[in-house]
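*Asks:* Copied straight from Swiss-Prot:
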{"type": "BINDING", "residues": "Asn61, Asn62, Gly63, Gly64, Asp65, Gly127, Phe128, Ser129, Phe130, Ser131, Gly132, Glu133, Asp156", "note": "(6S)-NADPHX binding site"}
{"type": "BINDING", "residues": "Asn62, Asp123, Ser159", "note": "K(+) binding site"}
{"type": "DOMAIN", "residues": "11-217", "note": "domain 'YjeF N-terminal'"}
Amino acid sequence: MALKTLSAKAAAALDRELMSTGAFSIDQLMELAGLSVSQAVARVHPTKQGRRVLVAVGPGNNGGDGLVAARHLFHYGYQPAIYYPKRPKNDLYQRLVKQCEDLEIPFVDDFFAALESTDHVVDAIFGFSFSGEVREPFPAVINAMAETKVPVTSVDAPSSWDINEGPPKSGVGSNFHPNVLVSLTAPKPLVKYFKGRHFVGGRFVAPSIAKKYDFDVPKYEGIDQIVEITDNQVKI
């Protein structure tokens with residue numbers, strides 16, 4: 001099966017439809033997305049390779065997915081730590097933080113010190129809707145993820161990448177190439193620039209909605225929330 005990519009406009013419209021005619025709440029979608037990310041991390045980095053996972057969390061929904069993933073990783077036996085410098089005030093994110101705090105998952109202020117003592121990084125800073133300039137404190141964080149030898153898993157899009165054009169031509173993120181990408185719902189056009197292990201996650205789309213947005217839902221096996229795909233399985 002050749003999986004079609006979703007543009008930023010189509011992906012945003014799909015999210016709105018899932019929360020209207022699809023009858024999902026944003027909490028449900030974030031929970032299922034974060035669960036997918038946690039399964040991908042467990043697949044590529046089993047605990048025997050190191051339990052410490054640093055989750056870099058941004059201020060939007062991508063960051064929410066990261067908080068959910070951190071919680072699930074804790075329950076799998078990992079030792080997550082969360083870097084969350086820009087916290088929204090709304091109730092959804094505050095509840096996600098509380099859930100992690102109740103598990104005594106540490107929130108760290110110094111990303112760079114935490115990076116020196118972790119086994120894996122989850123990049124949940126910016127997602128498919130990112131555009132414009134990377135603002136503080138994230139430029140140095142993205143550059144550090146680009147330079148580290150620690151494996152990095154990005155959520156839906158490598159942070160700073162344009163959804164269509166991939167990595168910036170220069171500046172922040174121009175040399176950021178994570179090891180793993182988890183595309184949520186469907187791949188985005190930027191995957192043509194990505195060379196690592198690629199998963200699709202988000203096992204919640206009804207066939208009628210997939211047909212309307214002209215993309216294929218991959219075949220998930222058993223109880224898996226992710227499917228690993230190869231370059232020749234994506235239609236740009």
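Every residue, even glycine, has its Cβ placed from backbone N, Cα and C.
Any idea what these are sitting next to in the structure?
*Replies:* Neighbour count (other Cβ atoms within 10 Å of the Cβ, all protein chains): 25 for Phe128 ((6S)-NADPHX binding site).
Look at Asn62 (K(+) binding site): DSSP puts it in a helix.
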*Asks:* Could you state the whole-number distance in Å separating the C-alpha atoms of Gly132 ((6S)-NADPHX binding site) and Ser159 (K(+) binding site)?
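*Replies:* For Gly132 ((6S)-NADPHX binding site) versus Ser159 (K(+) binding site), the Cα atoms are 12 Å apart.
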*Asks:* So around the K(+) site, Asn62, Asp123, Ser159 aside, which residues have their CB within 8 A of the centroid of those CB atoms?
*Replies:* Ala56, Gly58, Gly63, Gly66, Ala124, Ile125, Phe126, Gly127, Ser154, Val155, Asp156, Ala157, Pro158
*Asks:* Tell me, in order along the sequence, which binding-site residues from Asn61, Gly63, Phe130 have their CA within 10 Å of Asp123 (K(+) binding site).
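*Replies:* Close binding-site residues: Gly63.
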